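Below is one structure, written out as structure tokens; comments come after it.
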Amino acid sequence: SQTLKIGKVNWQSKLNKAEHHTSDYNSSEVILRRGQPFSISLNLKTTVQSWDNITFIASTGNLSMALISYPEPSEPRCLNFTILSPADAVIGRYKLKLQVLAGNRVFSKALGEFVLLFNPWCPDDDVYMAKEKERQEYVLNDSGIIFQGLEKDIQPEAWNYGQFEEDILDISLAILDRSLNHREDPAVDVSKRNSPVYVSRVISAMVNSNDEKGVVEGKWSGKFRSGTNPLRWSGSVSILRKWYRARYRPVRYGQCWVFAGVTCTVLRCLGIPTRVITNFNSAHDKNLNLSIDKYIDMSGNTLDLTEDSVWNFHVWNESWFIRRDLGSFYDGWQVLDATPQEKSKGIYQCGPASTRAIKEGDVNLDYDSPFVFAAVNADCVTWIRYSKKRKERIYSDTRKIGKFISTKAVGSNSRVDVTDNYKYPEGSSKERQVYKKALKLLGVRRPGKRTKISRPRRRFSRARSAQTPTISGKLILEESPVIGQDIPLTLTLRNLISDFKTIKVKLKASEREGNSVSISLPEEQISFKISYSQYKNHLMDDRKILVTAVCQIKRGASLLVEKDIVLQDPFLIIKVLGPTVVHKPVDVEVTFTNPLSDEVTHCVLRAEGSGLLKEQLRIQYVNTCVQFEIIPYRSGTRQLQVDLVCTHFSNIKGFVMLDVAPAQ
């Protein structure tokens, strides 16, 4: 019999890209999604015999699988096939070969390589997402918004995910291959890559560099001279490329929104629907007793007497998939947190934790649900420490933690509150019931004391239990200040009972430690300001100022009043000077007005945007206005980000959304 000889292999690139929703990948590779049929044509140098038994074999690592194939109507020397991969196939890079059984002889022919991804369009895939608009947002949208700031001053920050940019798919697969799991046992690791639970957990470990020489090194204090200030990153593409091109050396530096942005890029690139979540007033409960203790001195200074902390905001990810390991009740959004905070099974990784498990207090379920539960549910207890032997519990708040949990809306840049996905209404009987359930599952006998994990003990004799204050207080910011302006504040104290009392007020941050204030009925107001000259040399890169007022009464409970202030950067005005069309140059104008009396120098303007600029653009900025050119290379809605770095301003950011028309 005559041996089957194959000439050209036609992967039907345009057809398969459209059918598999992979047209946006800037890659010459064949990129397919599992559980979805794809087409291939084989041009032959010999005639096909009726007895030919043809099988397509796909292999990755040490795994091989026979694919289901259906012959289509063909020419005499052309074979057309529709081939189907399993909906639970391992994702990754495959080699495809044709195997022909002719009588007692077997012939094999290599046909080429393809990349197989998760498939949210396939109902049989664990990552299946039913709504097309959500698939467009959580898989195909290559830009987004990460919310930051304070619970009462939420700010949208643009982020360039860029999951379809050149090299990003290769880098995402390289991240899996660089993992500790893969280095310890490549065959076992590859065999588990069919599970989004497994893959997402590996990514949560690999995006930080703490254990596995992963992508980003974290840094939360001090100077950033040996790397990049986390505030200056605007997207994931430059970070991932820097890690890849430096032969996997961790990129310095990142904080929570950077870890979450990079994680979102990698998971969307691999086909797992993913979004970025911001939790305001986020607890880091070191010992998992669901109680966050804070100590201050009599002047309102925070004392370092506990490992617990509360972040103004913390950013993590949610990915969408079913939980075969937990049961269908826990399907849906799963929390992943790549920020290295606590070890899980010996590695700095977190999740996936089902949001349903968090809401119901099922903190006994995998993975890391106690840590996530505490981040949105822990109670806060504040103490004044008068001396080594005396402290006073002045404040206990069951409603402070886990506020305005936010994500970007589907199809727009507006904010969506998803707090109800994480917990029942604050203060409701159901919310307290779930809290007590979690305490029991964690082995905590009462809030603040845990039996399973010991906590460093500090001896305080004469520790008073909290009394009910007879005054209330509030710090009011009259207007949202911009850097360079004075900050006007008013402290309002209200007498809650009908007596006359004298209160000693100590204000911190304004460097004003006030005299005694007398209050009868009903209230007293203290107006003051923090001048620019007072704060300009003390302002950190995050532009945050914490104002505290410690109000002490001779006979009665003390009161702590706090207010976080984030100073606003001046605005960038971005104008696109013409229509945006694929492959057609267009100018962009950026204008900056300096609000300070001081001169700003050493200014650098940077711009980036997937589908608009293939590499980050950097321009020395010397005037109040600058122009640069972009040449869009992808149609649709695109996000152009611009930021300005100079003396006095660590990072001024702006963005504009562009509707890019197809090439004419």
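From the backbone N, Cα and C atoms, a Cβ is placed for every residue, glycine too.
Curation plays no part in TrEMBL annotations; they are all automatic predictions.
Note that the coordinates shown come from a computational prediction; the quantities given were computed from them, not determined experimentally.
According to TrEMBL, the protein carries these features:
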type     : residues                       : note
DOMAIN   : 248-340                        : domain 'Transglutaminase-like'
ACT_SITE : Cys256                         : active site
ACT_SITE : His314                         : active site
ACT_SITE : Asp337                         : active site
BINDING  : Asn377, Asp379, Glu426, Glu431 : Ca(2+) binding site
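Of Cys256, His314, Asp337, all annotated as active-site residues, the residue with the shortest Cα distance to Glu431 (Ca(2+) binding site) is His314.
Sequence-distant neighbours of His314 (active site): residues of the same chain at least 6 apart with a C-beta under 8 Å from its C-beta are Cys256, Thr278, Asn279, Ser282, His284, Thr339, Ala375. The DSSP breakdown of the domain 'Transglutaminase-like' (248-340), given as helix, strand and coil counts, is 18 helix, 41 strand, 34 coil. In terms of local Cβ density within 10 Å, Asp379 ranks first among the binding-site residues Asp379, Glu431. The record gives Asn377, Asp379, Glu426, Glu431 for Ca(2+). Within 8 Å of the mean position of their Cβ atoms, the other Cβ atoms in that chain belong to Thr398, Arg399, Ile401, Gly402, Lys423, Gly427, Arg432, Tyr435.
A sphere of 10 angstroms centred on the C-beta of Cys256 (active site) encloses 24 other C-beta atoms. In this structure the alpha carbons, written CA, of Asp337 (active site) and Glu426 (Ca(2+) binding site) are 24 Å apart. By neighbour count, meaning other C-beta atoms within 10 Å, the densest spot among the recorded positions Asp337, Glu426 is Asp337. Around Asn377 (Ca(2+) binding site), taking its Cβ as the centre, 24 other Cβ atoms fall within 10 Å, counting all chains. As a whole-number mean, the pLDDT of the domain 'Transglutaminase-like' (248-340) in this prediction is 94.
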